[in-house]
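A.B. asks: Look at Swiss-Prot and you will find 170, 171, 172, 195, 236 tagged as NADP(+) binding site.
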């Protein structure tokens, strides 16, 4: 199956295609500049889902040739201890990307930790400095990974986004707000829908692009979407039953898929793209930190 077949956008195939191009670029950077990008992921506590995510990130990084290290800390780690580790990594010229896996234990201030990371090494793109640059349209910054993945997948089936009507369901700092900005920079007409939005179904029916990132299982129904729409499902919700547990998205996939032009599945849609863009950010961050000026051209060649 290719990236797009039978109305389904295959995020795994899209990520593999993107990472294949990134690997070629990395080989050139190693030969020409002696650049070996390095990523450090910090995880605090024993959350099984977080450990699974971190394992997937490290495996993909190693497959690509990125030096990847995981620092696993006990739940009892203090905020001061975590800040100290981050400061050491900030000062280490051989570390190009730092990621603190969320969620963090309640006794640690997430915002403080995110903003302790050097913005140039903030591969998640969550630091206030990066968020501020994105808000003002200064794209020479770390852009959050999942929003980048959403736009990449949309463009695989809808190459020209200018003038398209788009809705984003959800207004989080991680997905909703940044993906709305990216759509706006593509000259879409964007509406952000949330818990206080009246007639949410009507807004969705009027949209040519729907991005669901609200964390409510199967919220978007068939009657919410118009024929020919492109639907990107960011949600991942655990459904438990006596027979088995499984993950579903924010979109009722089975009822929606035959009505729309394209839809991402859960799992296997946006998730692989998030990891792919984490690695893209790591390589681009390494280029910036090492003063490799053609990194903008590198980004264009990877994202073609």
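Glycine too: its Cβ is placed from the backbone N, Cα and C atoms.
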A.B. asks: Starting from each candidate's C-beta and looking 10 angstroms out, tell me which of the binding-site residues 172, 195 has the most other C-beta atoms.
C.D. replies: 172
A.B. asks: Taking the Cβ of residue 170 (NADP(+) binding site) as centre, how many other Cβ atoms lie within 10 Å?
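C.D. replies: Counting Cβ neighbours of residue 170 (NADP(+) binding site) within 10 Å gives 23.
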A.B. asks: How big is the NADP(+) site in terms of the longest C-alpha to C-alpha distance among 170, 171, 172, 195, 236, in angstrom?
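C.D. replies: Value for the max Cα separation, rounded to a whole number: 18 Å.
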